[in-house]
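Q: Following this message is one structure expressed as structure tokens.
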Amino acid sequence: MIKISNARKSFEELEAVEKVSIHVNKGSIYGLLGSNGAGKTTLLKLLSGIYLQDEGSVTIDGQPVFENTSIKDKIFFIQDNPFFLPQYTVKQMAQFYKSIYSGWNEDRFEELAIIFEMDIHKKIHKFSKGIQRQAAFILALSARPEILILDEPMDGLDPVMRKKVKSLLIDEVADREMTILISSHNLREVEDLCDYIGIMHKGRIILEKDLDDLKSDTHKVQVAFKGPVPAIFDSMKLLHKEKRGSIMICIVKGDAEEISAYVEQFKPVIFDLLPLTLEEIFIYEMGDVGYAIQNILG
Amino acid sequence: MPSRISLVNKEIWKTITRSVGWVSIIYFLGLFFSIPLEILMTASEEQRKFIDIDNLFQYHFQIQIILNMSIPVLMAVFLFRFLQLKPYSDLMHSLPVKREAIFHQYAIAGLILLILPVLLIAIIVLILYQPFFLNDFYNIGEIFKWLGITLMYNILIYLSGVFVGMVSGLSAVQGALTYIILLLPVGLIVLLAFNLPFYLYGYPSQYYLESKFEKFSPLVSLTQINYRASGAAEIAVYLILIFSIYWLSLWVYKKRKLEAVSQALVFPVTKPIFKFGTTFCTMLLGGMYFGEMRGGMGWLIAGYVFGVLIGYVIAEMVLQKSWRVTIHLKGLMIYTAAMAVLFILFQFDFTQYEKKLPAAKEIERVHISESYYLYSDIDRDEPLYLREYENIDMVRRLHKEIVENKNIDHRQSNVQDTAFIVYELKNGEKLVRNYKIDKTNYRPFYKLIYESDEYKTATNEIYKVEANETTKITITPSGPVNKRATITDPDDLKEAVEILTEEVDSAAYEDSQNHVEPYAYIEVFYGDSKKAYMQWNPSYTKFEKWLKENSLLDEARVTSNDISYALVMKAEDLEINHARGFSYEEIFEDMKQSNLAMKMTNKEQIETSLKNAKGFIDGEYLIAFYFEEQRAIDIKNFNGENVPDFIKKHFE
């Protein structure tokens, strides 16, 4: 549905996005991870039709996004610092969006205002940062977009509110197959939300994964044998291996049951198959680059 | 949904009025205060007598000007605020609305908000027109003229602001650059006019500066609309500009890259243009300032260097948005090299400007005088022109001589005279030159031209007078006397005109150049209320003789009989503070107190002094005449060969 292929965008001398290709399916939640300056925001603005790529293509349902009103009508973009028309109340903003987005649902707006306990007649710029962000969510969800693009959306929200927002987003995705693109510099913030993860580093996508696959696919294996270690590792997909005393610790890819069955053949003294945290998976998956971007994982 | 994003989106319209409605309101209040309120307040019979108004611009014109200059730019800046603020820009451009639609909606809404106040005021004045008898001052058409002209300027200035907004990414830069661009045409003309004479010998700055160039800048032109009517061509050009700027702005907006918002200039190509354009202008400004001080070539170049540095640094500051900037020396060096090449090219006269001299057979007619103002400020239908081959050729030869002496004349500091030459060519073109020269170096040329029949006929009104049709001649002496000679007898008139014509005919060039004050000013009335004017120069001795024979001389000029005594002193013995200013009375008092002064009561001596004295306070000797009857003082001077012998003798 969303397809970016070989997109490049540079700002004067600075290369912000270099040859990026991603593909997002309808109804999925795609997390775009990267440290500051990795090019996440630029990519999201390309996708929202704010910027025009220098090269490559950015399409939704096969159509280019830039200056395409019928496609942009399906997209709602919330900036990293939500911005509202000067001196506007939530209600006035709602009226504004209502006149612009064809999918606007007034009932949904009133419902959400109640859920978030929002005073819709107060000027938005008088609200605190967190409330402003909630207002942005209310307005975005009321516009009923097919694609919601969120730039660092969890900043400034307290844990309770985060949970509320996350469940609302998941509901929307479940109810009407909304697609979400969400950027973050922190994996933990979005790991319970996303089903796809793309990691950006210096303008490039260095990794793109299905989270469920990744989690069920990668395991930590601890084994110990009496006597010499048999050559069991040759036929396993190993990401990492180390020896602590007589115990071998390795990170293995593959189906859990198949691995267990395979290892049991060699009659180990100790055998544990443990799940990995996402953080560990990424570090092992990405090898050297993993360390460079470790800060977004923790 | 195309219908939702059509041109008139009510919510976008609301946003616009919420953000710039106040500009419109201020404009309305300002205009209301200036015009309708003024009409109401001066409605009484008593006040109406003092109203001197014949169009709507003249009501509080200054306030109207300030409003007309500032409101459109304010409107453009605040209206397109959403372009200059990154999050605002991102918000507006993430909406499912095409840029074209955004532009039309905003630009047109701004236009409407600008037009409305003016239109309302016009309607109010229309309503007031009958009940307040405004037709005593102007006809009803003036109201529509005011409406049309005001709107034309407003819209042009506003759209210029819009256009600059598309190019720049900061509101402050948008505002400032709008004014700079509006003033640029005039500014450049002025700067070039002051600088080019240093490179193009003979470049007539004044001719270009006075040639109504104001209309090239809407801002300057706007300050003159209360008295200068806009011509049809001017209006046509403005209208074309209005439409083209509108579409150009839209075109630029579609190409605008939003990531460059908050940079001074959004399009990278405009940055060097801005940088070097600023540098060039400040360079010329530096040259103009130091060049006008006449400190010589060294100071001129210093002015350029100074201007270049200031301009380059300022441009860098604006582009980098900081006063602590890194100066890109490479650009500065390239610029300096380019200017050096240009300078050298000018030294070799690569445009052939200086050498250009039309062939005599190409020339239709030629004007020559001592100043541009003798060409422009004339009472006649057109300036003096010479058409005869001999004169055209003589002017050409004079011109050639001046150009050949370029390097000699140039460095003389006592060069006081100006030669202003206009050739009108047969192909309709004009060639205009202006030279600073010392006229005494070119006496033979001037003598031949100025003594030619054609020149005399063209410059002396007396030749137009038919001796038979003359009705009256008045001769008013120069000097603090109240007398005047009048000739009315037909025979006398005929004789006088003949003699005066003869005097002019035979006058030598030198007599017109010695700066001796004329004896009197003569007016010859002839035909139906026509009048010829001339001066009576002391060299016209035949006329003097004729006056004496007809016993008119005493009335016709200041004579020794009007003067009880005169005081003469060497100028160096007197302390005259020219800078502070002085009065004749003070100087006269000083002369009276001084024991160095020579007191003259001899009528003959006074008569000789009157003939030879020149009318300025400089020169070797000063002479103060005391007019008994009028109790008035006149101070003149003697210099060089004009000093009478008895004075020389006395001071030896």
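Just so it is clear, glycine is given a Cβ too, placed from its N, Cα and C backbone atoms.
So TrEMBL says this about it:
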DOMAIN    B:423-542  domain 'DUF6449'
TRANSMEM  B:20-41  transmembrane segment
TRANSMEM  B:61-83  transmembrane segment
TRANSMEM  B:103-131  transmembrane segment
TRANSMEM  B:143-164  transmembrane segment
TRANSMEM  B:176-201  transmembrane segment
TRANSMEM  B:235-253  transmembrane segment
TRANSMEM  B:273-291  transmembrane segment
TRANSMEM  B:297-315  transmembrane segment
TRANSMEM  B:327-348  transmembrane segment
Q: Restricting attention to the domain 'DUF6449' (B:423-542), give the mean pLDDT.
A: 84
Q: Mind pulling out the one from B:20-41, B:103-131, B:235-253, B:297-315 with the most Cβ pairs under 8 angstroms to the transmembrane segment (B:143-164)?
A: B:103-131
Q: Taking the transmembrane segment (B:235-253) as the first stretch and the transmembrane segment (B:61-83) as the second, find out whether 3 or more Cβ pairs fall under 8 Å, excluding pairs closer than 6 in sequence.
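A: Stretch pair does not touch.
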Q: Taking B:20-41, B:176-201, B:273-291, B:297-315 as candidates, which has the most Cβ pairs under 8 Å with the transmembrane segment (B:103-131)?
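A: Selected stretch: B:20-41, with the most Cβ pairs under 8 Å.
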Q: Determine which recorded stretch among B:20-41, B:176-201, B:297-315 has the most C-beta pairs below 8 angstroms with the transmembrane segment (B:273-291).
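A: Stretch with the highest Cβ contact count: B:297-315.
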Q: By a Cβ-Cβ criterion of under 8 Å, what residues six or more beyond either terminus of the transmembrane segment (B:176-201) are in contact with it?
A: 73, 76-77, 157, 160-161, 164, 167-168, 208-209, 213-214, 216-220, 281, 284-285, 287-288, 291-292, 300, 343, 346-347, 349, 351, 353-354, 403, 406, 410, 434-435
Q: Can you break down the domain 'DUF6449' (B:423-542) into helix, strand and coil residue counts using DSSP?
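A: Breakdown, helix to coil: 50 helix, 37 strand, 33 coil.
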